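Single-structure report; data block below.
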Amino acid sequence: MDKIEVRGARTHNLKDINLTIPRDKLTVITGLSGSGKSSLAFDTLYAEGQRRYVESLSAYARQFLSLMEKPDVDHIEGLSPAISIEQKSTSHNPRSTVGTITEVYDYLRLLYARVGEPRCPTHHAPLAAQTVSQMVDKVLELPEGSKMMLLAPIVKERKGEHVKTLENLAAQGFIRARIDGETCDLSDPPTLELHKKHTIEVVVDRFKVRPDLQQRLAESFETTLELSGGIAVVAPMDGDGEEIIFSANFACPQCGYSMQELEPRLFSFNNPAGACGTCDGLGVQQYFDPSRVIQDDSLSLAQGAIRGWDQKNYYYFQMLTSLADHYGFDLHAPFNSLPKKTQDVILKGSGRTEIEFKYINDRGDIRVKRHPFEGILNTLERRYRDTESNSVREELAKYISTKSCSSCGGTRLRLEARNVFIADTTLPEIVELSIADALTFFQTLKLEGQRAQIAEKVMKEINDRLQFLVNVGLNYLNLSRSAETLSGGEAQRIRLASQIGAGLVGVMYVLDEPSIGLHQRDNERLLKTLTHLRDLGNTVLVVEHDEDAIRCADHVIDIGPGAGVHGGNVVAEGTMDEIIANPNSLTGQYLSGAKEIAVPKERTPRDPKKTVELLGATGNNLKNVDLSIPVGLFSCITGVSGSGKSTLINDTFFKIAHTQLNGATTAHPSPYKSIKGLEHFDKVIDIDQSPIGRTPRSNPATYTGIFTPIRELFAGTQESRSRGYKPGRFSFNVRGGRCEACQGDGVIKVEMHFLPDVYVPCDVCKGKRYNRETLEVRYKGKTIDEVLEMTVEDARTFFDPVPAIARKLQTLMDVGLSYIRLGQAATTLSGGEAQRVKLARELSKRDTGKTLYILDEPTTGLHFHDIQQLLTVLHRLRDHGNTVVVIEHNLDVIKTADWIIDLGPEGGQGGGEIIAQGTPEDVSQIEGSHTARFLKPMLK
């Protein structure tokens, strides 16, 4: 079977299509945004491949896997088990890092456990084995008369009931054991839970420390070491005080510091054996941040320098008044003029010093109490810890910042794990290197003798995985980077690298725009990776708009001709040449050059007097960057992946502007020296790819504000007025007009064990969300439900006489979203669609001509034709006097910009500098700029 046959696919907007996809080839599916590419690739081919595989498993196994819905298709044959690698950002788990996702960290843990050299954290001496005599001498140094017990660890953090182990110990004549920290009698041991981890230590001896114990202790230690395999624990019998761990294996000869045998879990920050005890392996601690708590240090405490502690809050202000009397400071002096010591008392408390507080109640009675002052930060911390109210917790969370853990310095690991070395390098130092540097380290690492033999296979796995990450253009990341901070494109390429590492054969891979966030320079390496996956013997399906990817494909499928209801057909399929030769294919016309996105005939000139200057930006890898953005122009920020574009624009420039122009209090910009020129703007708007809503109740109509005037129109009809209906009657979010059986969702979720959750249309309202009475009201012959089911295009015609609604609908059409339905659930919109809905909402607002717009890769998910529409919109914003700043890799966007700022020269530590800026023509001449190399041919 050398092909996949699809017959009668009708998923979403697909129009009963038939097609043949060659197996073990690289197939690119392209077409306009919303034409049905994802419906074919993910919701039909992947869903069916996955469903068939999961259905072959037992019912018991199926309950642990999410089953895909059966797609609406007559027949598919030739499918393999499918793996999808989507755009969605990886994980919101703070414990996930690049190292853990790619499994490189698992191999590093194994390597350090097998060939690492433990050292003493104090003396930095390699640990040596302790003799029984040394152990006895150490115990006899304890205070005479101390009651101690000698324990042999038998089971360490292992699941099971351990009945046999306990019976064997009793049979050997042992009387007591310490199980999970509690001492018990072995004649009547507790029943242990099968699925919990347990630690069992047998009590070998109990004694009072005295000098004549030498012989007895030596024998007891020998028994202990034999039982436990070289570890002995001496613990106080009353449970108070330090335990001493002895090891016949590792110990510092100077101070006796010893540690357990090296195991992979000792290096895991997700395991209690390896995680730092202070931050539980997260690497950061939360704290109430004085810079957030103090709203304005130029105000006095009485005026409200600290919110909630001013004169309006009588109870707290009385406390400050008593505090001021005691320490002799002025409540009406600016907070920043108070001595540092006084500020510390106000924020951190008076320690043990008792202060006389006078409290006056509503009736004027005075109560006097003496107690220390807790301090504002400690009060907030206590309230945050003790409250059961979510709203209080959310309010207090605004004042919390995170800082690197004080114990482990952000490495997440406990002391022992941080002091194991390979070639004088610790594991935390390795994961802080960029992936490219880590690869160099392991390629040049030379181990001797037996250690080299042990490490050989593990090193091969580490090198291979690091090489795959470099191949997909992620050489600038480091292994300790938190998964939460990765962009969608980075997350997808990490998963791609993991799949290549798995080395599977005979699988169908379905990828969603893997080139997102990738500079043209790195694109070649990505395409090589995809062809490598294919050459292993896999079928690779890629939804992609990138010209290089389309040219590289063995087979191309062009879905269209339009978007939404106008799409869903196979317009052209075959080789690249066949697509170009097909007159119906819009993609073919752009590839052949018959259609193109033109370079503007003239650039809008820059006014040197009107610029925004950001000086001294040093966040992440930025090297003291000075940024100058021209006001009133369309500027493009370019550079290879990881060069610092997002740090400079999103984390620094946008957050400063957001704070100063929009009055944001929770945006904390990356470090910088100064900024000037923001007076040219009245607001800043960041249009990113995050979802417009996380529930099916959110939709384009509610988000863009069209739904309110639509509900008002319905409430204004004759029928509504006679029934007394207000606009709220037509909302599916509140009681009154909505169907109460499904609470306005239109569907009811039925949980099915062993099968996917089923959403069935509500029996009462038949999926229409509203009750019968509400649906009896019609506007121009349509019910509110029928209006929500309209596409933007149909609604634009329908509401043409209503300017307030028509204008907003027109902007949705302008950004290429004519095909989405007004009531379409936000959860079904792609990242690119969500971004364009946001763009439409901003466009529909009254234009001041003084707005700063920031967009991060707006071409995600866009076909050449969609990009043309998007550029028209962005140029229109610019022509009205606004300033548009776009982070982008797409050369069609870059060549139409007025001004380019190129960061680089490389990613990670090799980047972080502005290497070129000017018009596209200027930048294309700069030597050493990767962007210039690819831009030059586009300007001819």
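Any Cβ shown, glycine's included, is placed from N, Cα and C.
Quick caveat, the model's predicted, so the values are computed rather than measured.
The annotation ATP binding site is assigned in Swiss-Prot to 31-38, 639-646 on the grounds of sequence analysis. There are 29 other Cβ atoms within 10 Å of the Cβ belonging to GLY639 (ATP binding site). According to DSSP, GLY639 (ATP binding site) sits within a strand segment.
Under the heading zinc finger, Swiss-Prot lists 252-279 (among others), citing sequence analysis as support. Beyond the ends of the zinc finger (252-279), by six or more residues, the same chain brings 95, 100, 106, 108-110, 112-114, 116, 118, 120-123, 125, 127-128, 130, 134, 138, 157, 229-231, 245-246, 285, 405-408, 411-414, 416-417, 420, 427 to within a C-beta distance below 8 angstroms of the stretch.
Note on the domain 'ABC transporter 1' (309-586): its mean pLDDT in the predicted model is 93. What Swiss-Prot records for 309-586 is domain 'ABC transporter 1'.
For 606-936, the entry in Swiss-Prot reads domain 'ABC transporter 2'.
Swiss-Prot lists 739-765 (among others) with the feature zinc finger, giving sequence analysis as the kind of evidence.
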Item to check | Where SER35 (ATP binding site) sits in the secondary structure, as DSSP reduces it to three classes | outcome: coil
Checklist entry - Fewest other CB within 10 angstroms, which one of the binding-site residues SER35, SER641? => result SER641
Next on the checklist: When secondary structure is assigned with DSSP, how many helix, strand and coil residues does the zinc finger (252-279) contain?
Outcome noted: 4 helix, 2 strand, 22 coil
Checklist outcome for this item: Counting every protein chain shown, other Cβ atoms within 10 Å of the Cβ of SER643 (ATP binding site) number 30
